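Data block below; observations after.
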Amino acid sequence: MLNVTTTPLQKPIDATNTGNSLQRQIIVILDFGSQYSELIARRIRETEVYSEVISYRTSAEQLRQLNPSGIILSGGPSSVYDDYAPACDPEIWNLGIPVLGVCYGMQLMVKQLGGTVERAKHAEYGKASIFIDDPTDLLTNVEEGSTMWMSHGDSCVHLPEGFEILAHTDNTPCAAIAHHGRQLYGVQFHPEVVHSQDGMALIRNFVYHICKCEPTWTTEAFVEEAIREIRARVGDQRVLLALSGGVDSSTLAFLLHQAIGDQLTCMFIDQGFMRKGEPERLVEIFDEQFHIPVAYINARDRFIDKLKGVTDPEEKRRLIGHEFIAVFEEESKRLGPFDYLAQGTLYPDVIESADTNVDPKTGERVAVKIKSHHNVGGLPEDLRFKLVEPLRKLFKDEVRKVAASIGLPEEIIRRHPFPGPGLAIRIIGEVTAERLNILRDADWVVRDEIKKQGVYSDFWQAFAVLLPIRSVGVMGDKRTYAHPVVLRMITSEDGMTADWARPPYELLETISNRMVNEVKGVNRVVYDITSKPPGTIEWE
């Protein structure tokens, strides 16, 4: 495994440890296992206030030291009466810090403070209209009858002393509650999800009016502080970055270059599975437009040789990853030595891969595991790097905002997500030079046409997949026996779930006509109408 420093978040490039205005206000989310915990943090940040997801096990004393402006208790899959139901430190209620419990978080608040939670007579899942009993404070500017997203089987039936009902639904008497004197609030619905009509109004009320936060978490402030922190951490040492061409690594390269200049070396390994024209365009943008030198490594023949005869998708991924490591090792030694490895780790990676619990012995928050970038995971032990991860506190949409603010071109900022193994896993079956050329040309038709028609940004992803079969066709009064191509176009907010796109038939027709006429070896185009779930975005 990659030998990196994993001390308790020691001087990471993040806004919570900088000692400036970015860290003075933070709202923390205690995570009880909700699928929406990350989304709550994103919604808070949309108000330009910093937010982090941390473990529900964090003690009241540790929260006191962190000194957040507010605390949110997430939802979760458990019932508060389950034998092993997760519970927070009950001293949290006595900190004098505003608390908002969401769904399970509200039920836990009620139970710990002496109220009663029972299995609901009528479980609520989906949209429900709320009727407001007290329009002040938390529910200011939330409309009567507003639609909110419900997902609960338990309900609060008796409130603790001092609490009052703020809103109800047809099936839930306590849809929103408050103890105004102690600034404790709860909602049975999920204001963070897009289906909740006035959810953001409620969140803004909690952030601005109840927690008294100011909008200081801005793109400009982050860029300024990130550059300062990179300089402070790296000093005069050298940094290596494996550039992929995506928005994350490109933004990271720009920030690092602004901070340390020629101490940065960007390495781009061309494994031969990129989209048409992308390797050349990447080097052109960085070399000519931004004057950031890129060490271009042409390893196409090595990678395709490794995949001869391989059809299993997991074996493809393994071999590509292994060969990338081999090339990376050789080239880093040739270009080095380096002290730091820069990675485009984002906040969702931190949430997924690092336990943000506190160490029971030291009281410090410890990263138990660092999730390596798909390109550099499993590097040999003798490559000893310290990590620098300036983007580790950002969500994807925040990275795009940073990229725009520092002047990266739209073609990078709005670039559709692309898998690490590239076109190799969009070719079902064996990868050959011939099949790569077919798919690369077919994929180019898709991208070129949606850009021409001005709808590129309407899709989360739009691409072609080459199947390991042939189909009969007729072209020029002659029988053909050629490849069918699958057209995959999807919409999504974050890639976690996705829906198949409903583009105009005229667009589908144009793409199909262009493919069979312009791409040698293709005589049929089919459209994938599978959402995620049950399918995945990629075919392999």
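Backbone N, Cα and C atoms are what each Cβ position is placed from, and that goes for glycine too.
Going by Swiss-Prot, these are the annotated features:
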- 26-216: domain 'Glutamine amidotransferase type-1' (DOMAIN)
- C103: active site, nucleophile (ACT_SITE)
- H190: active site (ACT_SITE)
- E192: active site (ACT_SITE)
- 217-415: domain 'GMPS ATP-PPase' (DOMAIN)
- S244, G245, G246, V247, D248, S249, S250: ATP binding site (BINDING)
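Within its own chain, G245 (ATP binding site) has F268, M274, E278, P279, L282, I412, R415, F418 as residues 6 or more apart in sequence whose C-beta sits under 8 angstroms from its own.
Among the recorded positions C103, G246, V247, S249, the ones whose Cα sits within 10 Å of the Cα of H190 (active site) are C103, in sequence order.
Per-site Cβ counts within 10 Å over the binding-site residues S244, S250 peak at S250.
Counting in whole angstrom, E192 (active site) lies 11 from C103 (active site, nucleophile) by their C-alpha atoms. Just so you know, of the recorded positions C103, V247, the Cβ with the fewest other Cβ atoms around it within 10 Å is the one at V247. Sequence-distant neighbours of S249 (ATP binding site) (same chain, six or more apart, CB under 8 Å from its CB) are L241, A242, L243, G344, listed in sequence order. Spacing of S244 (ATP binding site) relative to the residue listed as 'active site, nucleophile' is 40 Å (Cα to Cα, whole number). Under DSSP, C103 (active site, nucleophile) is assigned to coil, being neither helix nor strand in the three-state scheme.
Residue density at G246 (ATP binding site): 18 other Cβ atoms are found within 10 A of its Cβ, drawing on all protein chains shown. Every protein chain considered, the tally of other Cβ atoms within 10 Å of the Cβ of D248 (ATP binding site) stands at 20.
Comparing the active-site residues H190, E192 on other C-beta atoms within 10 angstroms of each C-beta gives the minimum for H190.
Regional average pLDDT for the domain 'Glutamine amidotransferase type-1' (26-216) in the model is 89. Here the CA atom of the residue listed as 'active site, nucleophile' lies 39 Å from the CA atom of S250 (ATP binding site).
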